[in-house]
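Enquirer: Got a structure here, written out as structure tokens. Questions coming.
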Amino acid sequence: MFTYIQIHLYFIIPPIILLGLIYHPLIGRREILKFLWLGFMATVWTTPWDNYILSQGGWSYPPNSIIGKIYHVPIEEHMFFILQPILVILLHSIFTHGRLLSFDVDVDQIPNDTKPLSEKSEIDRKGEGQEDQSTEKTQLSPLWSERHEEHTLIQTLPRRPIPSLLWMISSLIGLRLVQQTNLYNTIDYGMKQHMFYLSWILVWITPVISFLTYLGARCTWRDWLSICVGSGWLWIVDTIALRSRSWSISEGSTLGVELWKGLPIEEAIFFFLTTYLIVLSSSLISHLHTLLLLTPDLPPCPPFNPVAHIKLLARVAFTPPKIDRRILVGLKEAEKTLKKGSKSFEVAKLAFGREMRIGLVVIYAWCRVTDNLIDEPFSVNTGSDQNDPSSTSLDEARHKILKSIRSHLQLTNQLQTRYPAQPYSLQEVDQELDDIPNLTPEDRSAFHLFSLIIPRLTPIDPFLELCDGYSTDLKFPSKPLSTISQAHEDKLTDHLPIKTREDLMEYADNVAGSIAGAICHLSWSILDSNTTLPVKEYDRVRTTHKGPGPSQDGSKERSNQCSDGGDSRNEIIRSARLMGCSLQLVNISRDIIKDGLISRLYIPISWFQTPSEIIKILFSPPSQPTSTKSYTERLLDLADSLRDQSLSSIEALPRTTRGGVRTMVVSYYEIANAIRKNEGEVDEYGIKVGKWRRIGRAARAMWLGA
């Protein structure tokens, strides 16, 4: 016979430990709140009910099976009130972790308000006079009005009165059975006492389910998977306990029907409904946490104090905000962009919690879209004259696009002064975006998403620095050089901006160090802030974009003072920028030949002994690829040095960010390891890293920190 405490020690606590070890890198204040609140509510709501059932002989415990009692309820039973929510919440968190949004919402189409205001961009109007352009802008007002009307907000947590009513009817049926009054004569065949346990289950739990359902709580298919697995496990444990007589159910208070041998149907219903209630509650809380991030007039990070945390969630649950449809569509499109763009980041993002992952996906989608627009300013579906554009037209288009991107950032930065944000606040941003040729609705969606989410979470300066990196890219030849003689005629070295190590480090800092700094701000805003507008906590002196030149370690001495622990956060950002530079150097190493084919050379010219060595990289014949060993080794050694300087500072980030950052670093460094295993040689396809090896190293970094 198993004692009650042995049931816990053998069958309940070990799964909790296992699931806790799996999920522990992501357990933050949001998850702890679930444990505390649902454990507390389970104890408060269940204790009186359990005492009454035991006092009426609904079930019983052998004296030698329990440690002791608090009134009628065994101490181990009180433990179970806390252990079951922890077990089910962990299971639910793991099964639903892959979802970017914790709830289902039907937004399949790009909104109409992502369409351009005018079919003619500023680039297309370059031959028209200033007066005509002014008239064009004035005539856009009806289109502004049209877009204004099409703008929609979506309620992601609508009330569900009819499903709630069905649960309440179940409660009323249970109440009638408790009162030994039958709703139907057909059940009055000596079954009244046998309905005792089932009727009290219905009276006890269905009102709570009805209330949560009315608020809008619902289950996705992953939630149902959690319910099925959790219920199934508890059914097995209960069967073992009943067969070993750890406790027993009174035959007189049950129907005598078993799900399988040894498991009364009432016990099966009990564990199914309790698991369903816990998952429903956990899902609702996750939904509310997501609404905090997506709603501009709510704090993105809930309070650390559990009481204040619950009060905030209750306020949101009782008056749920509507979400801008452009946000929901943008997130869906951003996930598609991520899957296409970066295998390393696709793996690494799963090492972050949901709210942090949303912010990262928004930033990544914007970076990917802007990079693509700069590289390919003309669509292949445009006129024939643009299918083979001249270098001059490419230069002009790219510079105008970059100017529009900068204007978009500056206008987006102004949005933070308008919070709580007003609907249709992106009109000025859209006007700038209309000057970008061939901007697809999906691209525009990424800009909208960025403007609606990012301004209150991180300063805009890092993204302006990224634009500086784009400016460096624009200094390379607009079109790949076709012949070696053309390279000599065009004085190729004049069009290669990376001339020294300092130039290389400044470029790496602009395109990667800047984003690493933005990720730090993002983590503090989402995981460790106390205000609706966290960006105001970062008292940055605005010398970031035009700061001093690179320091000896390669990063710019940026001014990143923050009002809360400014000195320490300044040091964290400095280290993060070094890490970003390190990862960029790995990317450059991988793409040496690939970049050379489009006449881009990120290796400093000073590293080459003769011009002929440069030519060999830029015109590497596929049949006999140029050796890259000397360059990749030097780049990777420099990357290692920067990584070693900054690795320890990861531990200074919010706890639930550390595993994700380590995973991201390791995922990128698998590329470096693959290059070294290939003796430093890369070709036009870069280097391939096995999917499972990447996943294995990422898992090791997340859970073991190595």
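Glycine is no exception: its Cβ is also placed from the backbone N, Cα and C atoms.
Feature annotation from TrEMBL assigns compositional bias 'Basic and acidic residues' to 116-129. The feature domain 'Lycopene cyclase' is assigned by TrEMBL to 11-95, 196-280. The region 'Disordered' annotation in TrEMBL covers 114-141, 542-567. TrEMBL lists 6-23, 35-54, 78-95, 196-217 with the feature transmembrane segment.
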Enquirer: Looking at the stretches 35-54, 78-95, 196-217, which one shares the most CB pairs under 8 Å with the transmembrane segment (6-23)?
Expert: 78-95
Enquirer: Where else in the chain does the transmembrane segment (35-54) make close Cβ contacts, counting only residues six or more beyond its ends and a cut-off under 8 Å?
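Expert: Same-chain residues near the transmembrane segment (35-54) but 6 or more away: 60, 71-73, 77-78, 81-82, 84-86, 89, 197, 200, 204, 208, 278, 281-282, 285, 306, 310.
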Enquirer: How does the model score the domain 'Lycopene cyclase' (196-280) in terms of mean pLDDT?
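Expert: Residues in the domain 'Lycopene cyclase' (196-280) carry a mean pLDDT of 94 in this prediction.
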